[in-house]
Amino acid sequence: MTDFYQKHKQVIHRLLIIGIIILGVYLFFRYIFSYVAPFVVAWILSSLIEPMVRWFHKKLKLSRGFSSILSIIIMLIFIGTICTGIIMKIGEQAQEFAKELPSYYANFTQTLENLRWKTESLMFGLPINIQTFLMDHINQVIKHFSNMLAPGVGKGSISFVAALPNALFFTIVTLIATFFMSKDKEKMRAFIERQMPKSWVIKMDIIRRDLLGALLGYIRTQLILMIFTSTICMIGLSILRFEYSLLIGILIGIVDAFPVFGSGTILIPWAVYHGITGNLYEAVGLLIIYGVVVLFRQTFEPKVLGSQIGVYPLFTLMAMYIGIKLFGFLGIIIGPVFVIFLKTLQKIGILPKWK
């Protein structure tokens, strides 16, 4: 046993390091991340605005604190301007959609009722006990769907309103933390560097730079995929002459970014509804849109993400899948970033490089 350890000591040590890192990352995101999330976001934002802060500080000779405030304001104005234009257009269609919602609900319940009567006529001639058994279950399903729609909207609104105070508090803490991290960036960095050996400082700087680049690459990838998915849906819905194609297309693009849901959450039930009501053209069209979106996602997501973060597409896909299994929705971010982390550890010599 001793001879085996001496012979493979380096490999064993490397494996132990990898195991400790994996365990540490898992414990951090499972039990700690929710408590420090505003400060992680603030660190990312402060890194994003750093070039602007540095420019104001060096070129215009403004204080570091004022440069940070000015950069945060410009960032908020930029994001707000883009979001306002999109939200206003979506708001117009959402307002029109809300007016039509009662009639949609009435049509849907009427369709379910017609379906029930058609089913009864098809079952005519079957034994009474079988008819009774089947109709009881069909009525339960119809009642479930009828009662699900309106309360679902109400509950969703209540949940949204209830979440607003937490979201507002999160945003305020994040912005304040962003200001202090940006303002005192050099002081904080100098303090941290004084606590470490010189060799560690260089390695930590490489890790920070690579992880931030990977995270930005991931965000760019998701935005690219979201825009393309929304565009595909908007074009498809416009060809099928559906109303509110812009609103619904953007909604599907956003939902599709969530691996737990995906575009099928909206498109498949919608296609089934049109199939039941006899609108086969619309049903087939919606299924084609869904197929195109899925094909696009499966084909381009690993490739685009791999090119943005510098990891082979298959490893990226595996990392996303394992991340989702371990951490849920956040895993789609944690997985690829963790692969980048391991790759960076190879770069600085903590882990052996591939031969």
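Any Cβ shown, glycine's included, is placed from N, Cα and C.
According to TrEMBL, the protein carries these features:
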{"type": "TRANSMEM", "residues": "12-29", "note": "transmembrane segment"}
{"type": "TRANSMEM", "residues": "35-53", "note": "transmembrane segment"}
{"type": "TRANSMEM", "residues": "65-88", "note": "transmembrane segment"}
{"type": "TRANSMEM", "residues": "158-181", "note": "transmembrane segment"}
{"type": "TRANSMEM", "residues": "211-240", "note": "transmembrane segment"}
{"type": "TRANSMEM", "residues": "246-273", "note": "transmembrane segment"}
{"type": "TRANSMEM", "residues": "280-300", "note": "transmembrane segment"}
{"type": "TRANSMEM", "residues": "320-345", "note": "transmembrane segment"}
Intrachain neighbours beyond the transmembrane segment (280-300), with Cβ under 8 angstroms and 6 or more residues off its ends: 225, 228-229, 232-233, 236-237, 239-240, 242, 252, 256, 263-264, 267-268, 270-272, 274
Highest-contact recorded stretch vs the transmembrane segment (12-29), from 65-88, 211-240, 320-345, CB pairs under 8 Å: 320-345
Residues from the same chain, set at least six apart from the ends of the transmembrane segment (211-240), whose C-beta lies under 8 A from its own: 44, 47-48, 246, 248-250, 252-254, 256-257, 263, 281-282, 285-286, 288-289, 292-293, 296-297, 300-301, 304-305, 308-310, 333, 336-337, 340-341, 344
